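S.K.: This structure is in structure tokens; I'll ask about it shortly.
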Amino acid sequence: MGFGRFLYTALFPLMLSEGIYNFQQLSYMASFNYIGYLLGALLFSLSFFHKKDYGNLVLRYSLLSTCLFLFLMSLDTNYIIDSIIRFLAGVSSAGAIIFGSSLIMRLFSNRLIVSAFFSGVGLGIFLGSEIVNIGLLFDFTSSELWFYASLISLGLAIIALLFYPHNKIALANRAEVSNIPKRNITISWLSLVILYGLSGFGYIITTTYFPILAQGLGDITIGQHLWAFVGVGAMLSCYCWMYVAEKIGEINALNINLLSQSIFVALSYFDSSYFLLLVSALGVGITFMGTTLLVVALAKRTASPKSINLIGLVTFAYGIGQILGPILTSYVQVATDSISFAILAASFALLVAAVIATLSKKHY
């Protein structure tokens, strides 16, 4: 999934410099991916897909189709066709996160196993970034890099399928470590949906355009390495936030996560400072996947109307935020030849999400 979602970010500057697409077209293609994610979340929230074995089937198809869509991106440079491919890749990403997280949380209680699932996205970001860096050294085109990434993704998918968890193995692991202790603090399901939508808007602007932001440093490879630090942060993120949640509770951890993420996103505004961009990259990486982990964990135990699949609904709201982020950034860039205002808007959205999390806490 990390490949399927975020290799595009690593390749954004290269595709722009090749003149294949302009900034606005590339931004809209990113939004098409997030539209696919949003509609996929809506589709997969239907009870039909949560019957026995259907979720597992969708998850397996999501793994393999991610590899296929990476490969198809290497074959064509037509804006409409590539937009459709990115849209379908977004649907696959939604299937992977919804059914992957449901599977892991249903079968395992060990917090290291749960964290490992979410940290895999960070691994995909890191590997994708460094693959692009290596490709730049050898003057590979973006099409060649899409192709090589599809092969690596296929290898990862085969490993995932070979080690796919089964009930007998997983049930033995459930007794190893208990879940995060429940505390007498909860949050309304509607507040959770709204704040997660805001966080989707807040994180996506930075994670879509980080290598572009780093171009202010004058070296495209520096930007790519900074994007790799986002991946490193994301790999560590879920272990850190799971530990924090065990100590102070999921909702308190979410408050800290969103507030700190707002600050780290704001730091990317200072795109002429290597140090601040490095801190921003690590900070955004450490926080944004932690948000997903904490919200999904809360959605699993937050009371909601019986007709609602809350994990699917929060993922849907997240997708709306992700669609609006690149669209806003595209308009801002055209109007001002800069994305600074979009960065500040993203930071503010995360701050509002933190306020909602604070004000919506309920004791019982």
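Cβ coordinates are placed from backbone N, Cα and C, and glycine is handled just like the others.
Remember, TrEMBL labels are computer predictions, not curated facts.
Values in this document were obtained by computation on a predicted structure and should not be read as measured data.
Annotation source TrEMBL lists transmembrane segment at 29-49, 61-81, 87-105, 112-133, 145-164, 185-205, 225-244, 251-270, 276-298, 310-332, 338-359.
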S.K.: Can you work out which residues elsewhere in the same chain, 6+ from the ends of the transmembrane segment (276-298), have a Cβ less than 8 Å from its Cβ atoms?
M.R.: 97, 101, 105, 114-115, 118-119, 121-122, 125, 180, 187, 192, 195-196, 199, 203, 206-207, 210, 213-214, 217, 226-227, 229-238, 240-242, 245, 250-251, 253-254, 257-258, 260-261, 263-265, 267-268, 270, 311, 314, 318
S.K.: Who are the long-range neighbours of the transmembrane segment (310-332) in its own chain, taking Cβ under 8 Å and residues 6 or more past its ends?
M.R.: 23-24, 27-28, 30-31, 34-35, 37-42, 44-46, 90, 94, 97-98, 101-102, 189, 192-194, 196-202, 204-205, 208-209, 292, 295-296, 299-300, 302, 304, 338-339, 341-342, 345-346, 349
S.K.: Checking distant contacts: for the transmembrane segment (112-133), what same-chain residues at least six beyond its ends satisfy Cβ-Cβ under 8 A?
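M.R.: For the transmembrane segment (112-133), the list is 1-7, 9-11, 14, 100-101, 104-105, 145, 148-149, 152, 156, 173, 177, 221, 224-225, 227-228, 230-239, 242, 285, 289, 292-293.
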S.K.: Among 61-81, 87-105, 145-164, 251-270, point out the range having the most Cβ pairs under 8 angstroms from the transmembrane segment (338-359).
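M.R.: That would be 251-270.
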S.K.: Can you tell me which recorded stretch out of 61-81, 87-105, 145-164, 251-270 has the most Cβ pairs within less than 8 Å of the transmembrane segment (185-205)?
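M.R.: By the under-8 Å Cβ criterion, the transmembrane segment (185-205) pairs most with 251-270.
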